[in-house]
Amino acid sequence: MSMSTIKLLKYILFAFNLLFWVFGCFILGFGIYFLVHNNFGVLFHKLPFLTLGNVLVIVGSIIMVVAFLGCMGSIKENKCLLMSFFILLLIILLAEVTLAILLFVYEQKLNKYVSEGLNDSIQRYHSDNSTKVAWDFIQTLLNCCGVNGTSDWTSGPPASCPSNPEVKGCYMKVQQWFYSNFLYIGIITICVCVIQVLGMSFALTLNCQIDKTSQALGL
């Protein structure tokens, strides 16, 4: 492999990770915004940390760290950083595959757990302000009411519910959207995995070329 090809590979890997680092910054920024303004509360009281703000902060931070390692490792031609980037991407890829398998195997149990958790949070609507904010936000955004319909609100649907008597439940609506867009979600997921594999391949190839160059120069 010529030196010009190695340089091209190095700058492609750098640009690839720089874009992801900026993307991670945006996600982290949105997560901090949600945490500071607390305009999206808790829906699952058994998992109080599982808020939109916390999830975005964690995901954004992971993307930024991995992308930073890729940027610095490629531009500095640092073997340690490149291998750290490779290992982290591999761990993330394996975690994604494992999560996909678990979701497929335990789909029915997960649906039941989510439905029970959401119904439990409805009972806290009038006593917990963060739950009220979360439900009002979701019902207004998705134009839905309750988990499976207006009947979930035993004391009557809140003002954030649409006035249409045939309005669908929020969880039911999300499920229908997911199943109707399953093909597109699958394509996007596969594309993300392919990008990760390409990033790992570039990092490993560049790392090997650094070794060969060092041996050629007698370092």
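Including glycine, each Cβ sits where the backbone N, Cα and C put it.
Computed from a predicted structure; not experimentally measured.
Now, the feature entries from TrEMBL:
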type	residues	note
TRANSMEM	12-35	transmembrane segment
TRANSMEM	47-69	transmembrane segment
TRANSMEM	81-106	transmembrane segment
DISULFID	C145-C161	disulfide bond
TRANSMEM	182-206	transmembrane segment
Densest Cβ neighbourhood among C145, C161 (disulfide-bonded residues), 10 Å radius: C145
Contact set, same chain, for the transmembrane segment (81-106): CB under 8 Å, 6 or more residues outside the stretch: 17, 62, 65-66, 69-70, 72-74, 189, 192-193, 196-197, 199-200, 203-204, 206-207, 210
